[in-house]
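**Student:** Summarising the annotation, TrEMBL assigns transmembrane segment to 54-72, 147-167, 188-205, 211-231, 247-264, 276-294.
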Amino acid sequence: MAVAMSLTCPGTYCGRMMVNGSVEGECGVCPRGQRANHQNVCQRCTESPELYDWLYLGFMAMLPLVLHWFFIEWYSGKKSSSALLQHITAMLECSVSAVVTLLVTEPVGEFSIHSCRVQMLSDWYTMLYNPSPDYVNTLHCTQEAVYPLYTIVLIYYAFCLVLMMLLRPLLVKKIACGLGKSDRFKSIYAALYFFPILTVLQAVGGGLLYYAFPYIILVLSLVTLAVYMSASEIQSFKNLVTKKKRLVVLFSHWLLHAYGIISISRLDKLEQDLPLLALVPGPALFYIATARFTEPSRILSEGGNGH
């Protein structure tokens, strides 16, 4: 009863309900879609997400699509027409899932969401901050303080999985006749592995990803671009433009570079942040300019001549 009668609630996330303009009830968990304010009163989340929040949601939405494309390309072999249709279907699945997820989130039926602002890392892990006022009994106030950034991603992954299971097997069975029976569905089997992994990643590391995703995008896009250009033996602009696929890969990585730069800068000061986008082609140009000097055969031949 000491908890109920005190003016303030223990812990950061415990609060009381506001009923008819007055604060009533005992301290406890706020309903979904609400969080405790500084006066420990449960307040409805009515703010719109910031640009950074949308960029985070975009990053989490891109992950399954990029993985779909990777495994489709990996297992499709030389059946380029089959792979292209699967790529388009994967994009359709993820796009429809994103639209449906937005429509079923508050406010229902609108392409906007109401959210509570992320204030600190602990907002993502409220289950670790349940207070014990008398050091014996724990007051459980676990809630989604970052509503709806935590659950909306999980809902999106569920829709992606359902749509994939409805659409992709029929498409693959019809168009991938050139592949063996065992290879035909491997990209779908891969998705059945990576969706649970992505779900656990969001459930356990959502808060860490929220703060780290811009740097993850930049590092991974730089590494994968370097690996691709090395594996494709691209050492000049001529090698780069000979195949359309290489240009598609290059521009895709440039988009990821730009996404990472915008996420880090948050475009707080447009006149300072927009010029940073001029750095986007830098890594590819640097690789092409220096590739000839790091060619292993050349280094070995020069070493042999030196001896």
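Using N, Cα and C of the backbone, Cβ positions are placed for all residues, glycine too.
In TrEMBL, annotation is done automatically, which means it is predicted and not curated.
Model, not experiment: these values are computed from the prediction.
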**Student:** Residues sitting near the transmembrane segment (247-264): Cβ under 8 Å, six or more positions beyond its termini, same chain?
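**Tutor:** Same-chain contacts beyond the ends: 52, 55-56, 58-59, 213-215, 217-218, 220-222, 224-225, 228, 240-241, 273, 276-277, 279-281, 283-284.
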**Student:** Mind checking which residues of the chain, 6+ beyond the ends of the transmembrane segment (54-72), have their Cβ under 8 Å from one of its Cβ atoms?
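**Tutor:** Distant Cβ neighbours of the transmembrane segment (54-72) are 83, 86-87, 90-91, 93-94, 98, 149, 152-153, 156-157, 160, 164, 186-187, 190-191, 194-195, 198, 202, 209-210, 213-214, 217, 259, 262-263.
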